[in-house]
Amino acid sequence: MDQSDIRSAFFVECEDLMEALNEGLDRIEDTLDDGHDDETVNAVFRAVHSIKGGAGAFKLDALVRFAHQFETTLDALRAGRVSADPPLLALLHKAADRLSDLLQAARTGSETATIDPDDLVAQLAQAAGEEEAGEADAEDLGFVPMRLDLDLPAAAPDEGQSGCYSIDFSPTRALYACGNDTSILFRVLSDLGRMEVRLDRSRLPDFDALDWQESWLDWHLTLETDEPEHQIDEVFEFVEDLCRLEIRPMAMEAPRTDPDPEPDPEPDPPASGPAAAKKSPAEDHRTSSPRATVRVELDRVDRLINIVGELVINQAMLSQCVQDEGVPPRSPVRNRLDDFRNLAREIQESVMAIRAQAIKPLFQRMSRIAREASEISQKQIRLVTEGESTEVDKTVIERLADPLTHMIRNAVDHGIEPADRRLHLGKPPVGLITLTAAHRSGRVLIEIKDDGAGINRPRVLEIAQGKGLVAQDAQLTEEEIDGLLFMPGFSTASVVSDLSGRGVGMDVVKSAIESLGGRITIASDPGVGTTFTISLPLTLAVLDGMVVDVGGQTMVVPVSAIVETLRPRPADIHVLGSGDQVVAIRGSLVPIVDCGSIFGFRAPVRSYEESVLLLVETARQKLCALVVDTIHDQRQVVIKGLENGYGRIPGVAAATILGDGRIALIIAPEEAVDIGTSGGTFSMEF
């Protein structure tokens with residue numbers, strides 16, 4: 001592993017550390033009224049300390065200097081020199097955001113000059129009760145190797161010295177990975193009194209079997225001190241979960257000055273003694289350490305997913321061959337083929353789970369967005385997240401960041417009222433935004449809910465009419481007015497600000513979500529609040545599809561979009577004055593879109609008696625009926641993108657390979673409905 005690989009591993013590790021940092025700050029904030037938990041503060045301190053240690057190894061001076069002051073303020077908090085209150089928590093959140101910016105700049109190699117941490121450094125120093133950090137602090141930040149002569153006592157013991165301790169210390173690889181240095185621990189211990197250090201290398205294997213990433217050395221320490229035992233505990237406070245540690249009080253005995261060349265065998269524990277041995281939670285580091293994980297490049301996972309996808313296609317082709325050969329249903333070949341199909345699907349689901357990632361990091365990023373928007377708008381905001389453990393395809397999470405950012409800013413800017421206005425309305429001064437994620441019916445639902453003013457529909461309609469988006473005499477339903485928010489260039493902001501008013505808004509959000517195979521809907525109650533609901537597929541690699549025939553072509557419709565299938569009666573079909581056809585379903589008139597016609601496969605169908613209608617739900621038209629000729633079956637298909645070879649095809653989401661080797665296009669129901677209801681067609685040559 002070369003330097004660049006180690007550097008990359010450090011920044012990947014920083015992602016987890018930043019997640020722990022933000023999670024800890026949120027937990028402290030949530031328990032502010034009950035008093036913060038010391039262990040939570042310690043966890044936050046450890047995260048910043050580990051980032052600082054790694055940054056120092058790579059000479060990231062700006063990052064080290066900022067992390068040092070951040071760490072100092074956290075140390076003052078855990079030591080009780082400062083108390084946790086809302087202003088301090090707001091400052092710590094800002095510091096975490098700035099630390100994230102510095103990490104990102106260092107990771108990408110971009111200039112850090114545009115990120116000025118000095119203002120926050122001064123604020124952190126002031127919060128810690130210190131003078132502003134200056135040039136004199138530079139020596140504190142240096143990472144210059146030094147030789148420690150630990151066999152020499154740090155100071156002569158006092159006359160009243162009365163304690164002697166045996167310490168067995170075995171660091172794990174995780175201890176070093178977090179940027180800790182055993183020599184620093186030993187130096188702090190030596191400050192407590194006279195100490196003897198013996199190195200045990202008996203676990204060190206032969207060179208051929210040596211794993212350089214593993215920790216093979218054990219240390220046996222003897223400490224004579226007049227300090228209480230808890231002072232020794234505090235030295236190991238931040239590494240006790242990363243090592244095997246045992247501290248035993250001993251009978252008073254001066255430590256030897258000449259260590260043995262080889263370590264003595266560990267003595268049997270006495271039958272009785274003044275105190276029982278004290279062991280750390282990580283005494284057995286193999287069982288108490290976090291679950292072992294392996295970091296794998298995303299490209300490798302994608303290649304594996306593609307191979308498994310080909311395996312599924314191969315299994316479908318084999319099934320088709322067996323069917324064409326007329327093999328009896330309950331024959332041994334069929335049974336083995338069923339086993340193959342089940343195994344292939346299980347492998348596929350397991351591989352897809354590798355790409356699955358908890359949505360928590362994205363929600364934590366939204367907390368930062370909400371804080372920034374709150375500061376810019378001068379509104380009091382509280383963001384609550386639920387369902388952070390919900391797992392979604394990593395690609396979906398990455399592409400959701402921009403839409404969610406815009407929606408959170410919109411909720412702050414347009415939804416939540418100023419504090420004085422909220423008090424006048426009988427609401428609490430702090431506006432509430434709730435961000436929720438959950439699995440439902442094979443999809444992921446994300447809700448962005450605020451308790452603000454709701455959508456001012458008369459104002460929205462007035463703006464749309466003023467921009468010429470709808471006719472002046474148009475009579476629209478509430479749902480149709482809400483849909484105007486998704487039209488390109490629409491904005492209710494009268495002044496351009498850092499948050500909104502530039503005319504690039506919800507239409508971009510809608511397009512981004514639809515590109516993921518998702519839908520977005522609105523529910524708003526004036527004076528109560530607004531809820532945006534995003535429905536997304538679990539993965540972008542496979543989908544459950546209904547295989548249909550359209551004008552002699554085989555196509556696939558996502559099952560997640562289908563509400564109902566039916567064969568209409570002639571009496572249920574009606575023609576409107578505009579010439580458009582609708583079907584009457586349980587008292588409602590549902591628009592009809594002929595897939596064969598809009599894709600140019602054939603002329604429009606005049607009678608739908610022999611056709612099948614697929615009722616699909618869309619954001620714009622709600623229910624709409626897609627006309628197909630026949631339904632073949634329902635199956636899981638592997639998604640193959642078309643953009644690289646053919647570009648964007650209206651009404652088509654992607655393609656797949658069927659069991660007989662044919663290529664079938666996957667219909668994008670939302671786009672197909674838009675094309676059909678607007679009177680458009682799109683011709684495709686085969």
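Along the chain as shown, the residues are counted starting at 1.
Backbone N, Cα and C define each Cβ position, glycine as well.
If you look up Swiss-Prot, you'll see 1-106 marked as domain 'HPt'.
In this model, the domain 'Histidine kinase' (290-540) carries an average pLDDT of 83. Summarising the annotation, Swiss-Prot assigns domain 'Histidine kinase' to 290-540.
Under the heading domain 'CheW-like', Swiss-Prot lists 542-678, citing sequence analysis as support.
Contacts of H49 (phosphohistidine) defined by a Cβ separation under 8 A and a same-chain sequence distance of 6+ are given as A67, E71, G179, F238, in order along the sequence. What Swiss-Prot lists as phosphohistidine is H49, and the listing cites sequence analysis.
Under the heading region 'Disordered', Swiss-Prot lists 253-293.
Secondary structure of the domain 'HPt' (1-106), assigned with DSSP and counted as helix (H, G, I), strand (E, B) and coil, comes to 87 helix, 0 strand, 19 coil.
Residues of the domain 'CheW-like' (542-678) grouped by DSSP class, helix first, strand second and coil last, total 23 helix, 70 strand, 44 coil.
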